[in-house]
Amino acid sequence: MARERRDSKAATFFCLAWALCLALPGYPQHVSGREDRADWTQEKYSHRPTILNATCILQVTSQTNVSRMWQNDLHPILIERYPGSPGSYAVRQHIKHRLQGLQAGWLVEEDTFQSHTPYGYRTFSNIISTLNPLAKRHLVIACHYDSKYFPPQLDGKVFVGATDSAVPCAMMLELARSLDRPLSFLKQSSLPPKADLSLKLIFFDGEEAFVRWSPSDSLYGSRSLAQKMASTPHPPGARNTYQIRGIDLFVLLDLIGARNPVFPVYFLNTARWFGRLEAIERNLNDLGLLNNYSSERQYFRSNLRRHPVEDDHIPFLRRGVPILHLIPSPFPRVWHTMEDNEENLDKPTIDNLSKILQVFVLEYLNLG
């Protein structure tokens, strides 16, 4: 961002309920194209979600638990974690451990590299977690896990970046945990279109500037990974297509966790996907699934347009990747201050946004 500026019985019930969701009629299902269909890299532009019915929505949202997320994922991330710090290593190990322990069988990789910074060469490590590496197309959900570097303070305080971006990291881990069974179902599917489309979670290092935001002092992790993906053949063995062409939609989360956020539209070419978030928010409210919520303060507002903000999506945008940027406008009042901490987070808002995001992901992956 341009920033100076439960048990086995319960498990069986869930599986049966999910099978019922998949069997229920009355909702449009994704129809696979001809076997000789055109270039697969173009399918993202005509992709249609499978709209979840009320039964499925109720089942999905019953699996998420914001208090468990708070304890198991948010607290371990709410530490100083600028690139190269002990906290950065600890958070990176936590993210990998949580993802590797899931039944879906994620491929979790570290993308480690060195880059020149105002403080000399530093080592950075992105975390890329892929549900099915053999799938041609991937929905990408991303955030950054580093915190902005602040010199030692006289009062001993450290910057933990609660909204920036500990909460998005925790939300992504909770998404993977709470959707573990449907995502396992997706991975085991061998028939198109499900076998052709999967999910990728990316946790970027080095989003923040060390000194002053500039093209060379910012977005270290995303710049490196975008370049790498643009030159890595995909699917394996391909000669003319690369990993970056396999990104269907790049959903970037940032500055999330404060009360009453407003998310505007930043990119018109992905406005239809923003519209799905808006519709899901409305549906969840109608079902009574949003806490401490007023429709007068809705989160996603398709009638609001804002100029793009520099963030980890930029290196991908420049390579033609469709972007859905979920960053509030205005920024939280605690942005880049020591007050961006746990005390200033709003748990109901985070819970609500987690539910919306999880439904969105299932719809996009045609798991409904």
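Even glycines carry a Cβ here, placed using N, Cα and C.
Here's what Swiss-Prot has on this protein:
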| type | residues | note |
| --- | --- | --- |
| SIGNAL | 1-23 | signal peptide |
| CARBOHYD | ASN53 | N-linked glycosylation site |
| CARBOHYD | ASN65 | N-linked glycosylation site |
| DISULFID | CYS143-CYS169 | disulfide bond |
| BINDING | ASP164, GLU208, HIS336 | Zn(2+) binding site |
| ACT_SITE | GLU207 | active site, proton acceptor |
| ACT_SITE | ASP254 | active site, proton acceptor |
| CARBOHYD | ASN292 | N-linked glycosylation site |
| CARBOHYD | ASN352 | N-linked glycosylation site |
Fewest Cβ neighbours within 10 Å, where candidates are the recorded positions ASP164, GLU207, ASP254: ASP254
Rounded inter-Cα distance in Å - ASP254 (active site, proton acceptor), GLU208 (Zn(2+) binding site): 12
Close in space, distant in sequence - ASN65 (N-linked glycosylation site), Cβ under 8 Å, 6 or more apart: GLU174, SER178
For ASP164 (Zn(2+) binding site), the three-state class that DSSP assigns: helix
Among ASN53, ASN292, ASN352, the most crowded of the glycosylation sites [Cβ within 10 Å]: ASN352
Listed recorded positions among ASN53, CYS143, CYS169, ASN292, HIS336, ASN352 whose Cα sits within 10 Å of GLU207 (active site, proton acceptor): CYS143
Distance [Cα-Cα, Å, rounded] between ASN53 (N-linked glycosylation site) and HIS336 (Zn(2+) binding site): 40
Top Cα neighbour of ASN292 (N-linked glycosylation site) in the set of binding-site residues ASP164, GLU208, HIS336: ASP164
DSSP three-state assignment for CYS143 (disulfide bond): strand
Shortest C-alpha distance to GLU208 (Zn(2+) binding site) - which of the recorded positions CYS143, CYS169, ASN352: CYS143
